[in-house]
Amino acid sequence: MLNSAMSVVILAAGKGTRMYSDIPKVLHTLAGKPMVQHVIDAATKLGAAQVHLVYGHGGELLKQTLKDDKLNWVLQAEQLGTGHAMQQAAPFFSDDEDILMLYGDVPLISVETLQRLRDAKPQGGIGLLTVKLDDPSGYGRITRENGKVTGIVEHKDATDEQRQIQEINTGILIANGADLKRWLSKLTNNNAQGEYYITDIIALAYQEGREIAAVHPARISETDGVNNRLQLSRLERIYQAEQAEKLLLSGVMLRDPARFDLRGTLHCGMDVEIDANVIIEGYVTLGHRVKIGAGCIIKNSVIGDDCEISPYSVVEDAHLEAACTIGPFARLRPGAELLAGAHVGNFVEMKKARLGKGSKAGHLTYLGDAEIGDNVNIGAGTITCNYDGANKFKTVIGDDVFVGSDTQLVAPVTVGKGATIAAGTTVTRNVADNELVLSRVPQVHKQGWQRPVKKK
């Protein structure tokens, strides 16, 4: 039965000794964000009224990293078991709400599975997430009588007969707040580990005649926890394979699904093609018929229809209108904007710069703090000199300007419409419309010149 309100407790107090890291285990990233953030996001999508995060090791770093004012931080000063962790959060439970218990190191749990668990919770009983494993060694076993769940026995406390049981406890459960507080108050640490097990509440509920409803996840990987980097890397590949499958089934062509990483959210139009070893980070939108070459990194950007990004280009916090082409080996830094049909070639870097419609910067160029008009040609080796060592200044180039190779534009400077800047020119003053500007050292010819001879 579904109650009107639900809060979530996320256990995240463990140090993660087997990670061999100074960083708290739950802050190690999967798909570009901390494991615990995946769990927080699932709780939020599920409609949690409150999320209680039980922390211990590395608490300050956790707070600095997550920066979530909506979290209720609950300190577990000593790690004395899952039951003890829940006891620390219990004072915050309302009697008339359901409490869902999750883990910060189980990052792949899905909203769909949690919703089924929530729906399955009996009135006054417990909803329990379980799985069946071919090798259940090390896990708490689900005990049943006549098909009904009666309790959970931890592996170290289990008899030989109980260790043959393949159904195991995932640790994820949901119960009413008032019931949970009552059961938590009855926990003891009379076991092989000397800890307070949350799993003991199953037997307490059964003794009261309460029903325990067991639910299985859609995929076993949803309940896989992380104790070391090997396990984390395996979950990363599982997650990425799932994302690649979703994209392929939605019409996106991934040339090699095993070599694609999604570390954020990707929205795609029709007939998008993505080559191998592409990384998508943050929030990215790809329009219709976009092509992304091998080895590219796209982060927090919008790519318009019919754009083509050639191999090994990096696009971050940029906006490309329709039919733009960039790369190979191009870099668009935050604030880069390409209007329709613009071209940025190999070894061109843009930052806080706008390249107008049909304009081109073919190669070996830096455009920073610049506003460039339509139909402009930027020659090879052009540099906008935007920084004087203390402050940044802007370069403005009008429509239909031709900038020759090896040009330096010393900002602040404005180049008028239709102007031509000869190759090798250093522009330090504004240029009027349709002017030709050149600044070169006179060329000297010396006939019969001989090179110096090396001294022996």
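Heads up, residue numbers simply count up from 1 along the chain you see.
Heads up, the Cβ atoms here are built off N, Cα and C, so glycines get one too.
When pLDDT is averaged over the region 'Pyrophosphorylase' (1-229), the result is 95. Swiss-Prot lists 1-229 with the feature region 'Pyrophosphorylase', giving sequence analysis as the kind of evidence.
Marked as UDP-N-acetyl-alpha-D-glucosamine binding site by Swiss-Prot: 11-14, Lys25, Gln76, 81-82, 103-105, Gly140, Glu154, Asn169, Asn227, Arg333, Lys351, Tyr366, Asn377. The secondary structure of Glu154 (UDP-N-acetyl-alpha-D-glucosamine binding site), as reduced to three states from DSSP, is coil rather than helix or strand. Residue density at Glu154 (UDP-N-acetyl-alpha-D-glucosamine binding site): 19 other Cβ atoms are found within 10 A of its Cβ, drawing on all protein chains shown.
As annotated by Swiss-Prot, Mg(2+) binding site applies to Asp105, Asn227, with the evidence given as sequence analysis. Within its own chain, Asn227 (Mg(2+) binding site) has Gly16, Arg18, Met19, Lys25, Asp105 as residues 6 or more apart in sequence whose C-beta sits under 8 angstroms from its own.
Among the features that Swiss-Prot reports, region 'Linker' is placed at 230-250. Taking Cβ pairs closer than 8 Å, the region 'Linker' (230-250) reaches residues 19, 28, 30-31, 35, 107-108, 221, 224, 257-258, 260-262, 266, 268 in its own chain, all 6 or more past its ends.
DSSP gives His363 (active site, proton acceptor) a strand state. Neighbours of His363 (active site, proton acceptor), defined as other CB atoms within 10 A of its CB across all chains, total 18. Look at Swiss-Prot and you will find His363 tagged as active site, proton acceptor.
The secondary structure of Ser405 (acetyl-CoA binding site), as reduced to three states from DSSP, is coil rather than helix or strand. What Swiss-Prot lists as acetyl-CoA binding site is Ala380, Asn386, Tyr387, Ser405, Ala423, Arg440, and the listing cites sequence analysis.
Taking only the Cα positions, the spacing between Arg333 (UDP-N-acetyl-alpha-D-glucosamine binding site) and Asn386 (acetyl-CoA binding site) is 15 angstrom. Gly81 (UDP-N-acetyl-alpha-D-glucosamine binding site) sits 77 Å from Arg440 (acetyl-CoA binding site), counting Cα to Cα. The Cβ neighbour count for Ser405 (acetyl-CoA binding site), using a 10 Å radius over every protein chain in view, is 18. For the region 'Linker' (230-250), the DSSP counts in helix, strand and coil order read 20 helix, 0 strand, 1 coil.
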